[in-house]
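See structure below.
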Amino acid sequence: MMPTPVILLKEGTDSSQGIPQLVSNISACQVIAEAVRTTLGPRGMDKLIVDGRGKATISNDGATILKLLDVVHPAAKTLVDIAKSQDAEVGDGTTSVTLLAAEFLKQVKPYVEEGLHPQIIIRAFRTATQLAVNKIKEIAVTVKKQDKVEQRKMLEKCAMTALSSKLISQQKVFFAKMVVDAVMMLDELLQLKMIGIKKVQGGALEESQLVAGVAFKKTFSYAGFEMQPKKYKNPKIALLNVELELKAEKDNAEIRVHTVEDYQAIVDAEWNILYDKLEKIHQSGAKVILSKLPIGDVATQYFADRDMFCAGRVPEEDLKRTMMACGGSIQTSVNALVPDVLGHCQVFEETQIGGERYNFFTGCPKAKTCTIILRGGAEQFMEETERSLHDAIMIVRRAIKNDSVVAGGGAIEMELSKYLRDYSRTIPGKQQLLIGAYAKALEIIPRQLCDNAGFDATNILNKLRARHAQGGMWYGVDINNENIADNFQAFVWEPAMVRINALTAASEAACLIVSVDETIKNPRSTVDPPAPSAGRGRGQARFH
């Protein structure tokens, strides 16, 4: 008698298991790596991505590209996630981390197909990653924080390495200095929010400037604004969340009036309430008034008569940065404008930049904050410049917190590859093969750098292996001369943290994908959305 089949999952559920499914997941990850492979390094290409709404983005940043790709494959999404985590944690190395994870999987694919147990692979990978991280820590060069000149030089070199693969690599010296200046202005916490980046179209890239303080675009202003002064020395600043304009009553207000005098009294009361607020602000001694809500024409003219400057509808993040820079606090009422809640700065002025007017607060006593004003042509170009600067800022922050650096340009990967290959020869069994595969996978970084620059990768990798075997541990790819060079002396430096993070994240992702032995897809997730129903009225649906 046949046993009754047990139906556990809903009809239409797609489940795949075993080795074919694991191989399929590995292949999906390699497809993701193919998407960003050519963007690696100073000779990397850029991608032009157009989203569903027709917005075009040109980018060289691995994390940005993967975010914009609408990836649906569950295993491939893991690689997108590690690129995002690398971007959030370190800022740079997003393409490297994706390539490494895909290459680790590619190297173990033959072993998986032959039926090697995934746990053996995972154990070997964890061992290899631990050895590699310890080796990086051992050979990384520490820069003394006490020596400010030396530290600054190190930070600029790290920023230049991060910028050399971006669109703005021609101006990397200019921007590296700007980024280091910006990060140096911050306090010990090094908060990223304290660096504002504002984009102004027009002008050349070299016209970009760093403002030691807060700067934001002039807000919409009413009549009477022209009469306000545009520059103050040591002004007090009131930060408000109060509406200073006459408006029709909200919430269906109803008033019954019997005489003209009653109506006049109501109108007078409205004016008096507004003038009372304005008088209190004037009495507080504040010279610059910023509000998140609108400041109307009556208030604008009132302030202009008293030599005060006002700006309404200031974006919340700009208001908060001003508060953190100039002190004071954002008030929701004007009844308690005591000196403690007012901020102050050394100079406030409004100046013209390109076609826009900007408000500048400089000499802020409280926090260390700054604003980078970017100039440039096309909008996409400026957005990519902003992303590039974000990467460089993150790198400099990391380098300040962890003051050790390694050589980039594939040098550290080649050294780790040699070290792990030597180590694998000292151990017997399957682990030897797997750690050897891990070591071979590390060579993808210098190989891809050569491929992207159009060099003969095999030839250069042979030279690198020979040089590393002789003890030249900082030798990497020399992009400018199609050769190998001591990248530490060529100042291609990266914070050791970037490499440690990339290796651990890539290894974890590879282990995660190898450890999946079954994929179950619920039918509901693959059903097409229902077609829109026929419209009513004139535009009736037609059926052919």
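Placement of Cβ uses the backbone N, Cα and C atoms for every residue, glycine included.
Residue with Swiss-Prot feature omega-N-methylarginine, selected from R467, R524, R536: R536. Per Swiss-Prot, the N6-acetyllysine annotation among the candidates K153, K250, K366 falls on K250. Of the candidate recorded positions, K67, T94, S165, the one lying closest to K320 (N6-acetyllysine) when CA atoms are compared is K67. According to DSSP, E494 (ADP binding site) sits within a strand segment. Among the listed recorded positions, namely K67, K320, R398, R499, the Cβ with the most fellow Cβ atoms inside 10 Å is that of R499. DSSP gives T94 (ADP binding site) a helix state. Under DSSP, G409 (ATP binding site) is assigned to coil, being neither helix nor strand in the three-state scheme.
A simple way to gauge crowding: the CB of S96 (ATP binding site) has 28 other CB atoms within 10 angstroms, across all the protein chains here. Checking each of the recorded positions (K67, T94, E494) against G41 (ATP binding site), the C-alpha distance stays within 10 Å for none of them. The Cβ of S165 (ADP binding site) has 24 neighbouring Cβ atoms from other residues within 10 Å, across all protein chains displayed.
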